[in-house]
Amino acid sequence: MNALTAVKANTDDLAQRHTGFILAPSAQSPRLLALTFTADTTRQFLHQVAQWPVQALEYKSFLRFKIGKILDDLCGNQLQPLLIKTLLNRAQGALLISAEGIDDVAQAEEMVKLATAVAHLIGRSNYDAMSGQYYARFVVKNVDNSDSYLRQPHRVMELHNDGTYVEEVTDYVLMMKIDEQNMEGGNSLLLHLDDWEHLESFFTHPLARRVMRWAAPPSKNVSHDVWHPVFDVDQQGRPVMRYIDQFVQPKDFEEGVWLSELSDALETSQNILSVPVPVGKFLLINNLFWLHGRDRFTPHPDLRRELMRQRGYFAYAASHYQTHQ
């Protein structure tokens, strides 16, 4: 079910003259669009939201939607419909977003505001138990002793979906680069489910829809297990996935062997995209049919990367998708 060659950029959206931002195909795939806010839009947005520190967004959740409206208004109210259309479009479902003039760790608060505004034009970001907020910021360094692969720099973090060990609906994932020092490697890895060469054989396997147990390590601050299958379907009957190799707990030999084979088949796909994400940029993907991971870094004693993530549910046209709940 490799559909990559059949994918064409949405010429209507790409050819349209947009207010406040530029839209273009990414260098990696026509499925991934690159959206850049102009310098003037960036300047006006930051000026209008300067009265609210990030703490205000944490304490008053409605402000997250207010700053989203400010950004959409600056874009002639063209931004929100385009974001929703792109993320719900099975042929795309992914954006690499940046803003001219936001590219330095000293602007970390501004980065959080921008990402929050974008996310709350499509839905709402869920509570993140790891941080205790609607977003999480975390650092990758040269040495790591944590209990998951999230911060381990010298190995590939395998392809996965987010939201596998929580009960909240996780339709989208946003991943932003806040800082990077002494870095080489570590590109984001993406795989669209329809481009995976082995989708048909795994999706039609008897274990594909079997309910399995998912459990997170202590650092995730989630105390109970959840139960769901690896695969499901959307309302059009197309495969969607909810999978991460670290947290699935096979109950027997049959499940363990199948999950191991599934992991190997994902990691050896020839259609994995390697996407550099510079400081200030962020990826926004549909979590149901995109998997994401991270390539390894080259060791350096002063290696440092800071990331910010948000993940949540679509508030528009959500009935188009099953959510495994």
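A Cβ is built for glycine as well, from the same backbone N, Cα and C atoms used for every other residue.
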His160, Asp162 show up in Swiss-Prot as binding Fe cation; which entry in His47, His228, His292 does that record put in the same site?
His292
If one looks at the chain holding His160 (Fe cation binding site), which residues at least 6 apart in sequence have a CB under 8 angstroms from its CB?
Tyr243, Ile244, Asp245, Gln246, Leu291, His292, Gly293
Give the number of CB atoms, excluding that of Asp162 (Fe cation binding site) itself, located within 10 Å of its CB.
22
